[in-house]
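Participant: In case it helps, Swiss-Prot gives these features for our protein:
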- GLY75, LEU80, VAL126, GLU127, ARG141: S-adenosyl-L-methionine binding site (BINDING)
Amino acid sequence: MTHFDTIQKGAQQMGAALSDETIQTLVKYLAMLEKWNKAYNLTAIRDVEQMISLHLLDSLATLPYITGDNIIDVGTGPGLPGMVLAICYPEKRFTLLDSNGKKTRFLTQVKMELGIHNATVANERVEKHSHQGEYDHVISRAFASLQDMINWTLPLPKETGNFLAMKGVYPSEEIAALPKEVGLVSVEPLNVPNVQAERHMVVMTRKG
């Protein structure tokens, strides 16, 4: 099975209807990630089939949660899930923020080579990011805890915006320790094809 077929099948299993053009762009992104990873160590995952499942399909599992038009991915790494989402939603705006220069250089190259015009790459620490109160969604796979995520990103969403945290097993202790400034909306399992480990999406909003 080709990488195109694997991505297409996985997306279909999750109910994501992606055009052939979108899947082709994801295949090109995957090829760039594999190539750059050999030199710059962008991800610990080396096997391409695992990259598809653990990175691409895992990122595609978040598609139903992206209902707003202006999104920031904090600690995006090599663009997960932010670059994947930007490829799938060309009509929405994405800011891909990471303090690691190797990773943001890779993203800048992806943006240029693949023509991803709706993504802005920000090489900075989240506390230095000046666009506060502008985002419909603040999404991240990167934070060690929900508390850390909220502490670092609290000023970023609009009043009507939300926080989307991708987690592994149900994070009951982290939920119990959530800062008082946010309210828990939902915790939903993410069913990612070819991924046995538990995955959850935690949705939170800012109070007041």
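Glycine is no exception: its Cβ is also placed from the backbone N, Cα and C atoms.
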Participant: Using a 10 angstroms cut-off on Cβ to Cβ distances, just flag whichever of GLU127, ARG141 is the loneliest among these binding-site residues.
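Facilitator: Comparing Cβ neighbour counts within 10 Å for the binding-site residues GLU127, ARG141 gives GLU127.
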Participant: Grab the S-adenosyl-L-methionine binding residues from the record (GLY75, LEU80, VAL126, GLU127, ARG141) and give me their largest CA-CA distance in Å.
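Facilitator: Site span for S-adenosyl-L-methionine, by Cα atoms: 20 Å.
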Participant: Inside 10 Å of the Cβ of LEU80 (S-adenosyl-L-methionine binding site), count up the other Cβ atoms and send me the figure.
Facilitator: 27
Participant: Kindly assign GLU127 (S-adenosyl-L-methionine binding site) to one of the three DSSP-derived states: helix, strand or coil.
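Facilitator: Once the DSSP labels are grouped into three classes, GLU127 (S-adenosyl-L-methionine binding site) ends up as helix.
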Participant: At a 10 Å cut-off from the C-beta of VAL126 (S-adenosyl-L-methionine binding site), count the other C-beta atoms across all protein chains.
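Facilitator: Result for VAL126 (S-adenosyl-L-methionine binding site): 22 neighbouring Cβ atoms inside 10 Å.
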Participant: Under 8 Å Cβ-Cβ from GLY75 (S-adenosyl-L-methionine binding site), six or more apart in the same chain: what's there?
Facilitator: LEU97, ASP98, VAL126, SER140, ARG141, ALA142, PHE143
